[in-house]
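Per TrEMBL, the features are as follows:
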DOMAIN    12-200  domain 'Fructose-1-6-bisphosphatase class I N-terminal'
BINDING   E98, D118, L120  Mg(2+) 1 binding site
BINDING   D118, D121, E277  Mg(2+) 2 binding site
BINDING   D121, G122, S123, S124, N214, Y241, K271  substrate binding site
DOMAIN    205-329  domain 'Fructose-1-6-bisphosphatase class 1 C-terminal'
Amino acid sequence: MNDKLALPVGTTLDRFIMRKQEDFPYATGELSQLLRDIALAAKIVNREINRAGLLDVTGAYGNQNVQGEEQQKLDVIANIRFIRALRNGGEVCAIISEEEEDIIQTGNTKGKYIVAMDPLDGSSNIDVNVSIGTIFSVYRRTSETGCDGTLEDCLQNGTRQIAAGYIVYGSSTMLVYTTGHGVNGFTYEPSLGEFFLSHPNIVTPRTGKIYSCNEGSANSFPDGVKNYLNYCKEEGYSGRYIGSLVADFHRNLLKGGVYIYPATAKAPNGKLRLMYECNSLAFIVEQAGGKASTGTKRVMEIEPTELHQRCPLVIGSAEMVEKVEEFMKAEALVS
Ligand code: AHM
Ligand code: MG
């Protein structure tokens, strides 16, 4: 018999989540259920994305989201799928979504958790077959159960996350998540309809040779970032920018690198959203040994004041993020 056939099939996401639950002595299984609900929605969204060229789901929906950006049909579909899965699961009382201005109350007033999510990030890439992703963070509510989630429940800083993850819909579909005990990655096997553990205990390299930013906006980057980009070129680093945060982040997480979306003239506070883009990836990168900064301070320590707040983001290999901070600091001293 072929030796490979004698090997076990592998660890499914469900089994992994169950095993991890046993590591927490008082876990009641609610967070495990919540993670499984997210995985279920991810499978459904993955199916829709894979059919994107065949069905009439690409292109603009003729609507704009709360940030005034063009909403794609798949954004809307993904938003509906994730909300439905979380509502049906029963563990989540309120959701913040990039696609909706206000807090979404699920009606599960007994739910202990809050989810912040970008249901489909990088959506301008859908029509051209480029990787896109879902990003999420989970918080425990601070208010008593029995009523709707409150604004205070939703506006907790990133250090209070109890789980975060992303799904990258790419050459294969992967779900990567942390509950604060390291980072694990699962690859989707479509014929079996299961995610399998493929990247256990992800540790990001201390440094790398990839920098990722939209250099088209470089004229309006802070001088510290401009100087850092010159340094990257002198060092012979590679520039890699997909324009899909999850995909750029995922590559840099595995290979080592830094992703930078600083303040620009067009986006004076940066473009990316604190609650469901920056904080979620910050938790993951820190758990993998990397760093996430605004260029001057740790992202996860920002006290949020608005649901859709933006912040500059420098994220990736620890030494590269520190180097950007050094350049920013040097420039602040000069001016
Ligand atoms: P979105 O949430 O509207 O999809 O915007 C976020 C995306 C990120 O995925 C990506 O890194 C960034 O916007 C690209 O922005 P730009 O085109 O300004 O480089
Ligand atoms: Mg987004």
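Cβ atoms are placed via backbone N, Cα and C, with glycine included.
In TrEMBL, annotation is done automatically, which means it is predicted and not curated.
TrEMBL feature annotations superimposed on the structure.
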residue : record                 : DSSP class
E98     : Mg(2+) 1 binding site  : coil
D118    : Mg(2+) 1 binding site  : strand
S123    : substrate binding site : helix
N214    : substrate binding site : coil
Y241    : substrate binding site : coil
K271    : substrate binding site : coil
E277    : Mg(2+) 2 binding site  : helix
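For D121 (Mg(2+) 2 binding site), the same-chain residues 6+ apart in sequence whose C-beta sits under 8 angstroms from its C-beta are E98, I132, G133, T134, I135, S244, L245, V246, E277. Cβ proximity to the Mg(2+) 2 site centre (mean Cβ of D118, D121, E277, cutoff 8 Å) flags the following additional same-chain residues: E98, M117, G122, G133, T134, I135, L245, V246, L272, R273, Y276, S280. Annotation: D118 carries the greatest number of neighbouring Cβ atoms among the binding-site residues E98, D118, S123 [cut-off 10 Å, Cβ to Cβ]. Counting in whole angstrom, N214 (substrate binding site) lies 20 from D118 (Mg(2+) 1 binding site) by their C-alpha atoms. Ligand 2 lies under 6 Å from the Cβ of D118, out of the binding-site residues D118, L120, G122. The Cβ of N214 (substrate binding site) has 14 other Cβ atoms within 10 Å, all protein chains considered. One way to see the shell of the Mg(2+) 1 site is to take the Cβ centroid of E98, D118, L120; the remaining same-chain residues with a Cβ within 8 Å of it are D75, A78, N79, S97, E99, M117, P119, D121, S123, T134, I135, Y276. Take the CB of E277 (Mg(2+) 2 binding site) and look out to 10 A: across all protein chains shown you find 28 other CB atoms. A 10 Å cutoff on Cβ-Cβ distances gives G122 (substrate binding site) a total of 21 other Cβ atoms nearby, all chains included.
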